[in-house]
Ligand SMILES: CSC[C@@H](O)[C@@H](O)C(=O)COP(=O)(O)O
């Protein structure tokens, strides 16, 4: 297939502005986020001084992606604690801001547990706030480490499953440094392959309706200098049929105990296509995304989002007109079906790559074993 749509350039860091950082200016501690709703047009930072501002940033997808939501949730609890707000109330609001990515609740719980433990040990509010912040910082650091390990395991798996000569990988949504303390999940594997000279092309699904692929993954791919090509989600079938996809690499928002994978809507159809075309479908996620308390795919709550995300175009460069703030592309009053995620059953998943190792085939026993290993 012709390469005229490819972007290729020098090798740079995937993002120069970190997706999240804690700062302590004289006016008081703040959480600074790179506003992902404005990318790729402009790099604008959002400064959160309290939990409600962070909840809004989470709902609007200014901050998004499972691992980053966990880190943000933990910092949000710390922010409420250091600024003297009601920590339990902040934790409940943060954990409930979006339902599908389990990492959000996990991050919130971790900082809250540290806060409560410090109080239970007789510490004052300041000491407890420091404990919550230390927990958030530890999670942030651990996510960066997990990211590097997933990249290593994922690249080894690609090399094992695919013939030598350069991998052509299809990805969906955005899973790079914008969602992580490190270089991400699925995208980090593609980046490792690129750096090793073994990525022939990254196929980037645009990822309707909010275009995380077109706006964010293409932005990260361009910065890394890898060869990439953007396609509409519904072009994936013809790409498989043309024999142009060697593997699918995606992230996950929640992996149920039976190995069902919830990820950005459009992942499940890719898994079906991959199976039909005998292409490996690989999920890359940290162990914190595996939720032993959710037994199966049917038990995963899939976030339903506002219809105007489908009935209007809301890309940052587009000026406003419609009821949701975008330009209408459907008749006014059109109802929309807009689930943010779908669920892929374990039998369609070739492998789940985590920082603790690879699960393949995907069974509940193998996943439980992996989680137990991670706890030791
Ligand atoms: C490593 S990120 C994995 C998932 O969180 C990602 O693929 C995804 O679906 C993100 O959805 P989003 O709605 O943009 O938060």
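Note: Cβ is positioned from N, Cα and C throughout, glycine not excepted.
The active site, proton donor annotation in TrEMBL covers 253. Residue 253 (active site, proton donor) carries neither a helix nor a strand DSSP state and counts as coil.
Look at TrEMBL and you will find 64, 65, 66, 98, 212, 263, 264 tagged as substrate binding site. Secondary structure from DSSP puts residue 264 (substrate binding site) in a beta strand. Around residue 264 (substrate binding site), taking its Cβ as the centre, 26 other Cβ atoms fall within 10 Å, counting all chains.
The region 'Disordered' feature in TrEMBL is assigned to 1-23.
Cβ environment of residue 173 (site 'Transition state stabilizer'): 205, 207, 212, 213, 217, 250, 251, 263, 264, 266, 267 lie under 8 Å away, each six or more residues apart in the same chain. For 173, the entry in TrEMBL reads site 'Transition state stabilizer'.
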Original post:
Taking each of the binding-site residues 64, 98 in turn and counting other Cβ atoms within 10 Å of its Cβ, which one has the fewest?
Top reply: 98
Original post:
Going by C-alpha distance, which of the binding-site residues 64, 65, 66, 98 is nearest to residue 253 (active site, proton donor)?
Top reply: 66
**OP:** Could you list the residues of the same chain, at least six apart in sequence, whose Cβ is under 8 A from the Cβ of residue 66 (substrate binding site)?
**Re:** 101, 102, 103, 104, 179, 251, 252, 253, 254, 285, 289
